[in-house]
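Working notes, structure below.
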Amino acid sequence: MAGVIGSPIAHSKSPQLHGHWLKVNGLKGFYIPMDVAADDLEQVLRTLPRMGFVGVNVTVPHKEKVMELADLVTDRATLIGAANTLIFRKDGKIHADNTDGYGFIQNLRENAPGWVPAAGPAAVLGAGGAARAIVASLLDAGVPEILISNRTRVRAEALQADFGKRLSVVDWVQAGNMLEDALTVVNTTSLGMMGKPPLRVPLDGLRKDAVVTDLVYAPLKTRLLLEAEKMGCTTVDGLGMLLYQAVPGFERWFGMRPTVDSATRAAVLR
Ligand code: ATR
């Protein structure tokens, strides 16, 4: 038995995703969404293993707090400052990991097979919680330099302070300029999401040989991806990241590595 804890939780796609994998793999497990208030988090984490849970995914607003409550935290979760996957070990210890960066990189590797991270700089739009995992994973994948731009510049500077010299901060009003050098372009802001304003960064500087991806997956094709496609870039939508970040947790909990394919996408979009 596994699940996802957060608040609110109704919007989470994880139950559909894990439910699909349980079904197609003929496994008997359950994956349950749980709305957990901040005040109850510690108690819930103590109780779930005793109820037979093998782990949980963690979403807003508990991604940081669970790190304090876990017994073991992976280096990548520590670097990112947040965890999204907990494993309840047989010895009673709680192991916290962050698989967002893995999901992000895997999505690009699978859907843009020609992508060579080390070939040139990356441009990252946004410096919120999601951007930390993206920056960490891009550096880990061998990107030589990251240009990062955020409406609130100090948040980008905070990332630069944490991740060092391979990051340069670009003013939000100049964000379009940084695209001229970038071979990997990532939108980590919520701009372009259904119900949010569009991303208005000028895109005419995009290189044809760039791989462009958006963490927004509703709609699947954001203005950034549509424009990039028109300009001849390789584009990858954000749904894949959501699917791939769930793979390591499912594998640890249920002992089987799930496949990400068109049926998985369809299960989540239903
Ligand atoms: P997440 O964890 O999903 O990254 P977040 O930490 O709230 O969420 O970050 C949201 C990102 O979208 C931030 O980079 C935010 O910019 P600010 O740091 O300036 O808030 C960006 N964002 C959201 N609305 C925006 C807007 N209207 N214009 C520009 N950037 C916006």
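Any Cβ shown, glycine's included, is placed from N, Cα and C.
Note: TrEMBL annotation is automatic and uncurated.
Positions annotated as domain 'Shikimate dehydrogenase substrate binding N-terminal' by TrEMBL: 4-86. Among the features that TrEMBL reports, shikimate binding site is placed at Ser12, Lys13, Ser14, Thr59, Asn84, Asp100, Tyr217, Gln245. Among the features that TrEMBL reports, active site, proton acceptor is placed at Lys63. Positions annotated as NADP(+) binding site by TrEMBL: Asp75, Gly126, Ala127, Gly128, Gly129, Ala130, Asn150, Arg151, Thr152, Arg153, Val154, Arg155, Leu215, Gly238. Taken from TrEMBL, the feature domain 'Quinate/shikimate 5-dehydrogenase/glutamyl-tRNA reductase' applies to 122-189. Taken from TrEMBL, the feature domain 'SDH C-terminal' applies to 238-262.
Recorded features from TrEMBL, shown on the structure.
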residue : record                       : CB count, 10 Å
Ser14   : shikimate binding site       : 25
Thr59   : shikimate binding site       : 18
Lys63   : active site, proton acceptor : 21
Asp75   : NADP(+) binding site         : 10
Asp100  : shikimate binding site       : 28
Ala127  : NADP(+) binding site         : 28
Asn150  : NADP(+) binding site         : 24
Thr152  : NADP(+) binding site         : 12
Val154  : NADP(+) binding site         : 11
Leu215  : NADP(+) binding site         : 27
DSSP-derived class (H/G/I helix, E/B strand, else coil) of Gly129 (NADP(+) binding site):
helix
Alpha-carbon spacing, Asn150 (NADP(+) binding site) to Thr59 (shikimate binding site), which is rounded to whole Å
23
Provide the number of Cβ atoms within 10 Å of the Cβ of Asn84 (shikimate binding site), excluding the reference atom itself.
27
Could you tell me which of the binding-site residues Lys13, Asp75, Asp100 have their C-beta within a distance under 6 angstroms of some atom of ligand 1?
none
Would you identify the secondary structure of Asp100 (shikimate binding site) according to DSSP, in three states?
helix
Which chain-mates of Ser12 (shikimate binding site) that are at least 6 residues away have a CB under 8 A from its CB, listed by sequence?
Val4, Gly6, Pro33, Thr59
